[in-house]
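Colleague: Checked TrEMBL, it gives:
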type   : residues : note
DOMAIN : 56-113   : domain 'PAS'
DOMAIN : 170-206  : domain 'PAS'
DOMAIN : 308-512  : domain 'Histidine kinase'
Amino acid sequence: MIRKYRSVNALLKENKQLRQQLAEARRILDAIKPGDIDALLVAEAAGGQDYILKGANHIYRVLVEEMQEGCATIAANGTILFCNKNFADIVKTPFEKVIGLSIYNFLKPKDREAFAFFISTRTGRFYTECSFEINDKFCASVILSASNIAIGGDTLTCLVITDLTEQRRSERFTQMIFNQAKEPIIACDKNGQIIQANPAAVAMVGGQLVGHDFDRVIPLFREDNGVRIGLNQAADSSLSCGIEVKYERQDGKAFNLLINAGQFNANEADDNLIGYVVTLTDITDQCLLVHEMTRLDRLNLVGEMAAGIGHEVRNPMTTVRGYLQLFQRKEKYADDHEQLMVMIEELDRANLIITEFLSLAKNKRIEPKPGNLNGTIHALFPLLQADAFRFGHEIEADIGDIPPTCYDDKEIRQLILNLVRNAMEAMDSRGSVTIRTYADNQAITLAVQDTGPGIPENILPKIGTPFLTTKEGGTGLGLSVCYRIAESHGARIEVETSSRGTTFFVRFKVVE
Ligand SMILES: Nc1ncnc2c1ncn2[C@@H]1O[C@H](COP(=O)(O)OP(=O)(O)OP(=O)(O)O)[C@@H](O)[C@H]1O
Ligand SMILES: [Mg+2]
């Protein structure tokens, strides 16, 4: 081939270029021989072409291919020079297409920036947890670790990614169950310090739990014997199948809970304790319901008995009373007049008890009429004042603005009388009784409050049971009658009592 050169200088220039190319080719060959180079990326006019070199450091290649992690080597401009099959799988891109792509294709802008900066430092290590994506579509959650290696004048970055997608998915799933559970769930470390608490637990305790000692923030007492129970005992395997406990929140609200506590070990085969998982089921409402049902059952039973035998006892009593009155008028019993008088009075007292007892009858008819409870209190008040005066107590009415409702006036008078009478009887020194009415969206409430010594603790759970009395000469029917009247009006009675006084709340449903 004959070439024409325009000048010697041009010839020399071309000669120099050719020598440079030859030197570069030698350098590449020198690198390929010992296996320092994995692939060649050749720039061509039609686009890049890469050549993967086989045989270089064969043992390490096999090792890299067998790894669970994805790994790749990255050029200083971010081009992927080599990767194993797992890397291609994790980034969800065909293996043959990954090499030659830029690593920045897979990173989010903020990670891209951090990674580019790391490469530019040309030394050191990089570690981050991030998401890989392609064309803005999520590929995987990974832990990315990378090291820069200086080779000659160039920097090469070795990158390893660990796929956490499945692990993160299952963690999110567990977290969702934990957060959505209606039951309080608490996880503690082996010293009993709370490390996680779900929203239900935080709502029950009413404050932050994480970082606090379980036994200190949630003091629990066994329902059966009132003994304090700690996390340790609750997690004891013989008890862990659910114990009923009591818990009183700082604001005084009491809960009945079912506690299930389990020990959490490193793994199934290892009994090395790591911590505890505690579930607390709120059974306060069920307990109240069971209590209420038992009381109603007792009341119904007594009611049935009352209806059954009340009349039968009264009839013979009427006969006896009639004869006693007759004897009273006879001359020959003049000396016994006083005793006959006492006998008649005692019979009248017995009759009164039967009348009250009869009013407990289960199916006693009531005659509800529309009206305002305030009207009944107003009409009754002078009578209550006279009663209070007799006892040396004070009484006041604090009447609220309440809507009309439907009730049996005679029955509600009886209820108020019984409650106020109990209040008067409970206070020995000059006390004060307040009758209050108020309403909210849920109920119209009638409250009778006293400044007495409170209901004795031993009878409190049984309050409302017929014939339960602590009074000499008391019949123990007053409150039973009140509960029966409330029940027949669809109302509920609640009691608050302490050494500073007692309040009975009668809550009537708001009639639409
Ligand atoms: N306001 C109150 N303060 C303290 N204790 C109370 C109060 N109300 C009721 N009690 C207690 O509850 C018991 C039962 O009351 P209840 O009205 O049913 O019967 P009683 O008052 O003893 O007898 P009676 O049949 O004459 O009403 C009382 O004996 C008393 O111990
Ligand atoms: Mg009474």
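Even glycines carry a Cβ here, placed using N, Cα and C.
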Colleague: Grab the same-chain neighbours of the domain 'PAS' (170-206) for me: Cβ-Cβ under 8 Å, and only residues 6 or more beyond its ends, written as numbers and ranges.
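Modeller: Tertiary neighbours of the domain 'PAS' (170-206) are 212-215, 217-218, 230-232, 249-251, 255, 264, 273-282.
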Colleague: Would you mind giving the whole-number mean pLDDT across the domain 'Histidine kinase' (308-512)?
Modeller: 89
Colleague: Just give the helix, strand and coil counts over the domain 'PAS' (170-206), going by DSSP.
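Modeller: Helix/strand/coil tally for the domain 'PAS' (170-206): 18 helix, 10 strand, 9 coil.
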Colleague: With DSSP helix as H/G/I and strand as E/B, how many residues of the domain 'PAS' (56-113) fall in helix, strand and coil?
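Modeller: When I sort the residues of the domain 'PAS' (56-113) into the three classes, I find 28 helix, 11 strand, 19 coil.
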